[in-house]
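Annotated features in Swiss-Prot:
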BINDING   His72, His74, His229, Asp303  Zn(2+) binding site
BINDING   His72, His74, His229, Asp303  Fe(3+) binding site
BINDING   Arg81, Tyr139, His166, Gln232, Ser308  4-imidazolone-5-propanoate binding site
BINDING   Tyr139, Asn305, Gly307  N-formimidoyl-L-glutamate binding site
Amino acid sequence: MSSSTVITNIAALVTNDPSLGDHSPLGLVRDAAVVVEGDRVVWTGESSKAPATDNRVDADGRAVLPGFVDSHSHLLFAGDRTEEFNARMSGRPYSAGGIRTTVAATRAASDAELEAGLTRYLAEALRQGTTTFETKSGYGLTTADESRALRVAARHTDEVTFLGAHIVAPELADDPAAYVDLVTGEMLDACAPHARWIDVFCEKGAFDGDQARAILTAGKARGLHPRIHANQLSYGPGVRLAVELDAASADHCTHLTDADVDALANSRTVATLLPGAEFSTRAQWPDARRLIDAGATVALSTDCNPGSSFTSSVPFCIALAVRDMGMTPDEAVWSATAGGAAALRREDVGRLVPGAYADLTLLDAPSHVHLAYRPGVPLVAGVWRRGVRKV
């Protein structure tokens, strides 16, 4: 039998269970404790009521919240696009290939190089409180390169997404229909065994609504669950397609009609917002307030990728969401934990309740609000993943 540990003297415990504590969506418990046994939470509540345990950890009056759930990232890549970012931020034209630059570098990298990069970024995210990671392929765009990326990812996370439909592969740029046939045929056959999800970039210059529907429908037929890059750069069919196909998440959601917002609010599809992308491209911010007020479920994620959002920091994204997207600190923290779990259709992460994984983030602050109140400050003082302290 596993030994038990109580983490006690917690100033403010975010459980994301509204039946607990202050009965808010965060289920905030003051002067709290958490009991962990093995890889699971077995008890949460007030410190004075905590059961006896084998071990004790003193939180010393600091805040504890669920480990962040980063439900959208692109960590399987090689190369660097510093010059592109520098030119964009300096207002200079830049003619290099964008995603295609990363595709070329990723194809040229060895498996060991891809894995080293992935593990480096995962460790970086873990140090900042992220305990559940989704990541995608999408920088290979050949059957061999997409499938090897997914095999590498599957060694490190259960949340692996096949994104062969990121852009049309450069060698088939003049024949996008042939590339869709490749993605839905040979490439899907090779990639489906290594992924849980299928994704598509539904946007002008990438894949239109009909192409996206064909790709996601083919993936569903192979047992992959759909998610979609939707309505990032322009108004389009992505969000409504996500709802139609019961996608777990529609990601970006910057350009939304009233009908798009209503569709999300009346569905299980989560609107995953990615403020790192807007920060890094100086683009229009998504209107989180509009979505939340309409009743949509919102998640916050990093979109960590080498081109448009090279950050693995969920705390940074929380601060951006509060400052620039109309979210309250409570809403942003919920969206980065329970919201991310909803975007992955998970109930065992993003919450600190009996039966959930013991994924906890300890802050060097008395309240979760400090994540937005003190942007840029390294507040994460400890991280437990599956009951084991990692930081």
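The backbone N, Cα and C atoms fix where each Cβ goes, glycine too.
Feature annotations (Swiss-Prot) mapped to structure.
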| residue | record | DSSP (3 states) |
| --- | --- | --- |
| His72 | Zn(2+) binding site | coil |
| Tyr139 | 4-imidazolone-5-propanoate binding site | coil |
| His166 | 4-imidazolone-5-propanoate binding site | coil |
| His229 | Zn(2+) binding site | strand |
| Asp303 | Zn(2+) binding site | coil |
| Ser308 | 4-imidazolone-5-propanoate binding site | coil |
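Closest in space to Arg81 (4-imidazolone-5-propanoate binding site), of the binding-site residues given as His74, Asp303, Gly307, is Gly307, taking the CA atom of each residue.
Note on proximity: among Tyr139, His166, Asn305, Gly307, the binding-site residues of the record, the Cα nearest His229 (Zn(2+) binding site) is that of His166.
Closest by Cα distance to His74 (Zn(2+) binding site), from the binding-site residues His166, Asn305, Gly307, Ser308, is Asn305. For Asp303 (Zn(2+) binding site), the same-chain residues 6+ apart in sequence whose C-beta sits under 8 angstroms from its C-beta are His72, Ser73, His74, Asp251, Leu274, Gly276, Ala277, Ser309.
If you measure from the Cα atom of Gln232 (4-imidazolone-5-propanoate binding site) to that of Asn305 (N-formimidoyl-L-glutamate binding site), you get 15 Å. Non-local contacts of Gly307 (N-formimidoyl-L-glutamate binding site) by the CB criterion (under 8 A, 6+ apart in sequence, same chain) comprise Arg81, Glu84, Phe85, Gly98, Ile99, Thr101, Thr102. Within the same chain, the residues at least 6 positions away from Ser308 (4-imidazolone-5-propanoate binding site) whose Cβ sits under 8 Å from its Cβ are Gly276, Ala277, Ser280, Thr281, listed in sequence order. Taking CA atoms as the reference points, Asn305 (N-formimidoyl-L-glutamate binding site) and Tyr139 (4-imidazolone-5-propanoate binding site) are 10 Å apart.
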